[in-house]
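Visitor: Once you've had a glance at the structure underneath, I'll fire off some questions.
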Amino acid sequence: MIFTSTPPAPPPADAQQRQPRYPGEDTTPTSRREIWGWYTYGIAAEVFAVCGVGSFLPLTLEQLARERGTLLSSHLPCVGPGSPSAAPGNGTTPAMLRRDGLGSDQCVVGLFGLQINTASFAMYTFSLAVLVQALTLISFSALADYEKNRKTLLLTFGLIGSVSSMLFVFISPRLYILGAILVVIGVTCLGSSFVVLNSFLPVLVANDPSIQTARKTEGEELPHLDSSGEYTRSGSFNRGDNRGFDDYVAPEHGLKPKTTDSTSPEMQLSTKISSKGVGLGYCAAVLVQVLSILLLFTLSKTSLPKISGTLPLRFVLLLVGIWWFSFTVVTRRWLRNRPGPPLDTSKGGARWRIWLRLVGFAWKSLWKTVKVAAKLREVVIFLIAWFLLSDAMATVSGTAILFARTELKMSTTAVGLLSITATLSGMTGAFLWPVVSRRLKLKSNHTIMLCIALFEIIPLYGMLAYIPLVKKWGVIGLQQPWEIFPLGIVHGLVSGGLSSYCRSFFGVLIPPGSEAAFYALYAATDKGSSFIGPAVVGVLIDATGQVRSGFFFIAVLIVLPIPLIWMVNAEKGRQEGLAMAEMLEKSHGENSSEFGHPSEEAEGLLARNP
């Protein structure tokens, strides 16, 4: 069984071992094998994030609904022998190479008594998936910090998520609703597992032999990582630079500014491990994406597409699920349990009642953080901007894939190549923007504004096709399939910069000592907003019958954060954060928590979410 414990490898004979901070803590020095166990889960799940969520799941959902749908005007099947778009020659053109639905009529499917555009169906599904993911992340954030729940939840989410992807091979067009349910499950497990995975990194760093040696040399104790968000921040599974996070440290007792500009050994090691994990995950995703395209091309030469146009896509999702499952098993063997503090059962009651109290504690803690943040003007302005911007980023990705398939009539293999283009550009952007910022001597908020301005090019370019003269040309304004590839490069480059610099800029505004709690709020804002945009675009598609109409909403959504980011005064926000930290420190002993130290309040694992 996947959850059966594997005897851990013995630690090196000369390894330094620190004192445990609570009963049952595993302070065994971190081994290279354990770090690779951490890497392997990123290699496993990032494939589903890029190849599944970012590419083939939206296409599969839309195609499943399309094969079940009818044309709005004539009620004829959207695809198949009886459809107006049936290919000549008895429809022998391979489905993966065919541009389905060449007519302009809207393809709709019945759902709860309503006629919904098949592209809207995919957008609504992902909107619901992100909402469920956000609720799950917040609810499980406190529970995963205790006992062996961390590894158990990681393996559980990985197992359920990978199986949900593999089960798509059995989802025929007749069961398209069940396909939507599997998407919700898969997306929820993906985000939740990454949050739990990130919570391992501070523990691995804390027990690394090199850190113990450095601390012994300096004559210092290792800070309590649970009461400081610093290592949580550097350990986040982010996609870029974390500069600006380490201006202050929060020791176990009291707050103090750093007395040195040098980066701490923990920060250096954490950043090194995190960056390598991100790189390995992206490389795995690109590899599987290439394999998926080859698989699609090979299957297009067989009779499978004649059975169902979605069958090759479903085989790709089977491959993705097998990959996720296989590397999760490796993670289970190589990654130690690293249990957290034991649950307090002194008050009696069943364990499930304690778990319910932990869920309530997570929500209550998040609300307390909201009340503190509401008193910080610069934080409020930035979070409003981030609310809009993160929603725009999530909406553009899903809309672009569906636009390429339904409006540009691109084949599935071409859409896969588009995804690879955006992924490689995102990897480049993570390294490029720090260089651009240094060369142009830009402040962090100016870099963010520049990224947003470039991001705005995508919807504006798509809206050019509404100009009659441009429409008459038949090119420019995303009228030809090749035009979307340069925009895919722009999307990748900009996303890499925004994800890193927004997180870094927010770090300057946080009260020292409350980092993890505020990053929980940051992540909740991200996940809590990302379901709105896809739902609105889905409504617009239903109203107009065109995915292109969503560009109007996206253009407004992208441009709104620019004045807000410009309004944020980083220095003033930093001073407000310091003042708030002093105020919180004075009331430190008055706000003790039922499940942990006062300084741990509102942290949870959600703080480690990218």
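Even glycines carry a Cβ here, placed using N, Cα and C.
Look at Swiss-Prot and you will find 229-239 tagged as compositional bias 'Polar residues'. If you look up Swiss-Prot, you'll see Asn90, Asn445, Asn591 marked as N-linked glycosylation site. The region 'Disordered' feature in Swiss-Prot is assigned to 1-29, 216-242, 586-610. Look at Swiss-Prot and you will find 41-61, 120-140, 153-173, 177-197, 277-297, 310-330, 379-399, 415-435, 450-470, 485-507, 527-547, 550-570 tagged as transmembrane segment.
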Visitor: Any chance the transmembrane segment (310-330) and the transmembrane segment (485-507) are in contact, meaning at least three CB pairs closer than 8 A with a sequence separation of 6+?
Guide: no
Visitor: Please indicate, using numbers and ranges, the residues of the same chain that are 6 or more beyond the transmembrane segment (450-470) and have a C-beta under 8 Å from a C-beta there.
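Guide: 389, 392-393, 396, 400, 403, 433, 442, 476-479, 483, 487, 490-491, 493-494, 497-498, 501, 548, 551-552, 554-555, 558-559, 561-562, 565.
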Visitor: What count of other C-beta atoms do you get within 10 angstroms of the C-beta of Asn445 (N-linked glycosylation site), across all chains shown?
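Guide: 21, counting other Cβ atoms within 10 Å of Asn445 (N-linked glycosylation site).
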Visitor: Quick one: do the transmembrane segment (415-435) and the transmembrane segment (277-297) reach 3+ CB pairs under 8 Å, ignoring pairs fewer than 6 apart in sequence?
Guide: yes
Visitor: Can we call the transmembrane segment (379-399) and the transmembrane segment (277-297) in contact, meaning three or more C-beta pairs below 8 angstroms at a sequence separation of 6+?
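Guide: Result for the transmembrane segment (379-399) with the transmembrane segment (277-297) is no.
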Visitor: Quick check for me: are there 3+ Cβ pairs below 8 Å between the transmembrane segment (527-547) and the transmembrane segment (120-140), leaving out pairs under 6 residues apart?
Guide: yes
Visitor: Within the same chain, where does the transmembrane segment (120-140) have neighbours whose Cβ lies under 8 angstroms from its own Cβ atoms, ignoring anything closer than 6 residues to its ends? I mean 6 or more beyond.
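Guide: 53, 58, 61-62, 65, 109, 111, 153, 176, 180, 183-184, 186-188, 190-192, 195, 359, 362-363, 366, 394, 398-399, 402, 523-524, 527-528, 530-535, 537-539, 541-542, 604-606, 609.
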Visitor: Could you give the residue numbers and ranges of same-chain residues that sit at least 6 residues beyond the transmembrane segment (41-61) on either side and whose C-beta is under 8 angstroms from one of its C-beta atoms?
Guide: 121-122, 125-126, 154, 158, 161-162, 165, 168, 176, 179-180, 183, 186-187, 190, 193-194, 197, 237, 277-278, 280-282, 284-286, 288-289, 292, 310, 313-314, 316-317, 320-321, 323-328, 330-331, 335, 397-398, 401-402, 405, 412, 415-416, 419, 422-423
Visitor: Give residue numbers and ranges for long-range contacts of the transmembrane segment (177-197): same chain, 6 or more residues beyond its ends, CB-CB under 8 A.
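Guide: That would be 38, 41-42, 45, 48-49, 52-53, 57, 60-61, 64, 111, 121, 125-126, 128-130, 132-133, 136-137, 140-141, 144, 150, 153-154, 157-158, 160-161, 164-165, 167-168, 171, 237, 523, 527, 605-606, 608-610.
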Visitor: So if I exclude everything within five residues of the ends of the transmembrane segment (153-173), which remaining residues of that chain have a CB under 8 angstroms from its CBs? That is, six or more out.
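Guide: Cβ under 8 Å, 6 or more out: 2-3, 41, 44-45, 48, 52, 60, 64-65, 67-68, 140, 143-144, 179, 182-183, 185-186, 188-190, 192-193, 196-197, 200, 308, 310, 314-315, 317-318, 320-322, 324-325, 328, 331-332, 335.
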